[in-house]
Amino acid sequence: MTRPSRHAAGRSPRRTAEAPSRGTAPTVPTAPTAPTAPAAPTAPAEAAERAARLDRLSVVIVVPAVLALAAGLWDLGGPPPWRDEAATVSAVGRTLPQLAHLLWSVDAVHGLYYALMHMVAGLSGTAEVALRIPSVVAGALAAAGTGAIGRALGAPRAGLYGGVLLALMPIFSRYVQEARPYALTAAAAVGVTLLFLRVLRSPTSAVLAAYAAALTVLAYLNLFALLVVGAHGIALILSRGPLLQWACAATPALAAVAPLAWLGSRQSAQVGWIPRPAADDVGRLAVQLFGDLGGATGPGVAPPTWALAFFGLAYAAVVGVRRARAARRMEEPAPEHAPEPGEEHTPEPAAGRADGPGARAETPGHERAGTPAALVRLTLPWLLVPALVLLAASWTVHPVYVFRYVFCCVPAAALLAGAGLAALPPGLAAAVLTAWLGLSVPGQLATRGPDGRQDDPRPVMALLAAEAQPGDGVLFVPAKVRKYETVYPSVFGRLRDVALARSPEQDGSFPGREVGARVLAARLDGLRTLWVVGHTGKNVLPARRRALVTRTFAPAGRWTFRGLFVDRYVLRHAHRSNGAGVGK
């Protein structure tokens, strides 16, 4: 048996020196080495530690969610309940059979949302704040999911910044603070995209089924949002992902949506009001996708989200060029070198597939070098495809483009901008984010002000409550303005709706059905005062009705508000010249 050497049993290792000749020199004992101090962390190591800390504490999810929740709850009752929210109140205040009648007749595409809000109204009533709460919760989920997408791509800083930007965008707050399905649609689009990343990484049967179900829910919240599936298809092709498995998941979802698409096509009159997009609509779209209100309200100060997004794209392009050059160098023949005896040969990892949308970085510290291209491949189609398809259809087939139909693409813009911030050093990124927040404040205030929506019914109701007498008549121009009766029953309950033949609930519609000229003339007899309430875009009575009204009544005042007007008519023999006036 060989006796163990003193070196093997000693406290410290010995250094060995290798002779330059082919032979091996005897081992030369050396003095014990002193313990070395730990090396200072390198910049990549510090970045890895920061990213790991973000990942471990779930900051990328929690912080955006909390900010979105706080921004959504801030002055939630401030924005006026505009005409579309009045439609929500009208729909959810009906019985289930009446709601089914409405969906079958005119508004099937919002059926899932109305069904959900019907349950909410049953629990908390139809007050505007109560009906807006689900949108606020959905906004928090969308912001959290945006951060989760960044983390799933191995880019937690980009996800964190993107989630924060989304949570505090003025355009995001605009739709989070209203009782309509668009915030829920954005949250669903984010959730579907997270599942899409799972499909790329591990297309198991359970994941594919979940993706198909989520796509179906997304489409039933907003039929046009299903265009996100086209964006996913492009991202899949760019990343050379599992195309067959993805198609097997998307096809059942498309089949499940077919009945809704068929019924919606029968109700195309609901979008008959949409104009053909003009050149300025395209420019406004570019601004709104990156978070500004698009000049629809407020001072029109756009936070520079678009600049951050373009910087993120430029950074991704630079990284992509560097990676391509590195890949070409790896493909070049290596210099002739025979490994020494005992020398291990470690192959380099293959490049080219590790940065697809479904791939995560090896470690969180690889974020700056490995993920921008993956993020761009995912978010750029998501940002552009739905809007471009709707614009093309509006110019060639039938106008269907409205910004709120592509609101579900705003998280993609936030992620691109987040990637731009993540490319900066942390201190500079914090400074840029602070400046962005300052520029977004005017838009946040504007969307909560009286001009934050297309129309403001509150001063109209205040006028009628103060001036109208019980038993006065009321006419609506056009008839769909009647939706406000369900929002303000205490105001309109005192007045006589002289043109109503069948109520909206009985008719399965929002405006109801109105009487003809002969019946209207009979109902006008006996009235002393008639109030006409309408949209400012259609601020005159139809010719036949105007003839009926002016034959008996004289104008006694006009008040114009944001999106709405009120005309007052009094009996001619009771009219006094000093009673006429015009208000603002």
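Each residue, glycine too, has its Cβ placed from N, Cα and C.
Curation does not apply to TrEMBL; its annotations are automatic.
Given the structure is predicted, the values throughout are model-derived calculations rather than measurements.
Taking TrEMBL as the reference, the stretch among 98-120, 374-396 described by the feature transmembrane segment is residues 374-396. As annotated in TrEMBL, transmembrane segment covers the listed stretch 129-152 rather than the other ranges in 129-152, 417-440.
Within the same chain, the transmembrane segment (129-152) packs against the transmembrane segment (182-200): three or more Cβ pairs sit under 8 Å, each pair at least 6 residues apart. Long-range neighbours of the transmembrane segment (57-74) within the same chain, counting only residues 6 or more positions beyond its ends whose Cβ lies under 8 Å from a Cβ of the stretch, are 135-137, 139-144, 146-148, 150-151, 156, 159-160, 162-164, 166-168, 172-173, 176-177, 444, 448.
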